[in-house]
Amino acid sequence: MDKQKLQTLKGFRDFLPAEAKKRQYTIDIIRRTFETCGFEPLETPAIEYQEVLLGKYGEEADKLVYQFEDLGGRPVALRYDQTVPTARVLAMYNQQLPTPFRRYQIQTVWRAEKPQSGRFREFLQCDADLYGSASPLADAEVIALSNLLYKNLGFSKYKIFINDRNILFKLMASAGIPEALHFRAIIEIDKLDRKSIDEVSESLKTIGISQENIDHLFHHLDEEQSPDNLKKVIEYSQKLGVEEDKLHFQARLARGLDYYTSTIFEIKIDEYKAGSVLGGGRYDKLIGKLSGVDMSATGFALGFDRTIEAMEQFKLFPPIQQRNSVLVSVFSPELSDESALVVANLRENNISAELYPDEGIKLDKQLKYADKKGIKWLVVIGPEEAEKNSVILKDLETGRQEDIKLEDLVNKLMKSSQ
């Protein structure tokens, strides 16, 4: 193979063990938090029929869906998000699922967009949604869940911005903006978190909105107050544990996807510049579009890569080396059986242990291997140790070592991990 081809496509990545462990650490916290709040796991295929996905996200988003024909000539597409595939699941298995239905999904999605900081073409998305309730209490539940997620991940300084899509529609109508341009205008307004008002105004003019109408819209956005329904969502969210200083009404909040119908929200981390790390809201019409049966829905998608990036920035990952792993070395081919028996015994006692997989390698090279992996303990069984049924146990962090009875090895390692 041409060495120049030995690289990933732009926007696609490999994750070596050090990075993969951080991702797994984060996923474990996210999964535990979802399940603490009663949400159940769901998985859907990576590939769907194009007609399932297209026309649900809006004109701009549809351009980012990876589309192709499979070997059977069928028009298919890669999963763009997890909300629309879940809507298909609800349409297909409506009678088998409880109502209300709380589900979470942690799977890969693909978007053919320009790669940038915190944005990739293949990435992990973490969703949680509550189906079958139109109550503001359901909106508050998913907002409270999003708040608990970032607390559990170690963040303390972040804000939850909340709005109602109907405010934007009402203000655009009062500003004289044609209804046919409302969703295109929302796409541009959604960019206010990373563009100036002047830049967004210019974009709005290019889609056919006059400067007078734009000025009217932005003036009233600044003056708009939270409506009664949103006040109820905020009140319930606070009862569910969201601190008052975390929740902020923001009339300019738009969210770029077409399917939101009322409540929308985002989380932004203070001093993290790449944008929001989580976004969601209520989308009561999407299930009906797929199945013909209306079903209320509210939820969010967590930006996993941005969250990882922010955790790196604020040093929220524990040191990778802080673990109680063991390498059992192989002193010589003649003593490989003794080493294998020790490894088996450690594993039976739920101690993370690996056997060096080559009986012909010198001990100093095995030691370097353990050091490079960040392994804490090295077990050596030489001829003398095998004769007296003992092992040498070396702490690779401190350099201290001791000769201990084989029968005491498990207890020694268990105590050291407490």
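For all residues, glycine too, the Cβ spot is worked out from N, Cα and C.
The L-histidine binding site feature in TrEMBL is assigned to Asp81, Gln82, Thr83, Arg111, Gln125, Asp129, Arg255, Tyr259, Tyr260. Long-range C-beta contacts of Gln125 (L-histidine binding site), restricted to its own chain and to partners at least six residues apart, with a cutoff below 8 Å, comprise Asp81, Gln82, Gln105, Ile106, Gln107, Thr108, Val109, Ala301, Leu302, Gly303, Phe304. Under DSSP, Gln125 (L-histidine binding site) is assigned to a strand (E or B) in the three-state scheme.
Residues or ranges marked as domain 'Aminoacyl-transfer RNA synthetases class-II family profile' by TrEMBL: 30-333. If you average pLDDT over the domain 'Aminoacyl-transfer RNA synthetases class-II family profile' (30-333) in this model, you get 90.
For Thr83 (L-histidine binding site), the count of additional Cβ atoms within 10 Å of its Cβ stands at 23 [all protein chains shown]. Around Tyr260 (L-histidine binding site), the same-chain residues six or more apart in sequence whose CB sits under 8 Å from its CB are Arg165, Gly281, Arg282, Tyr283, listed in sequence order.
Sequence-distant neighbours of Arg255 (L-histidine binding site) (same chain, six or more apart, CB under 8 Å from its CB) are Arg165, Ile186, Asp190, Ile264, Glu266, Gly279, Gly281, listed in sequence order.
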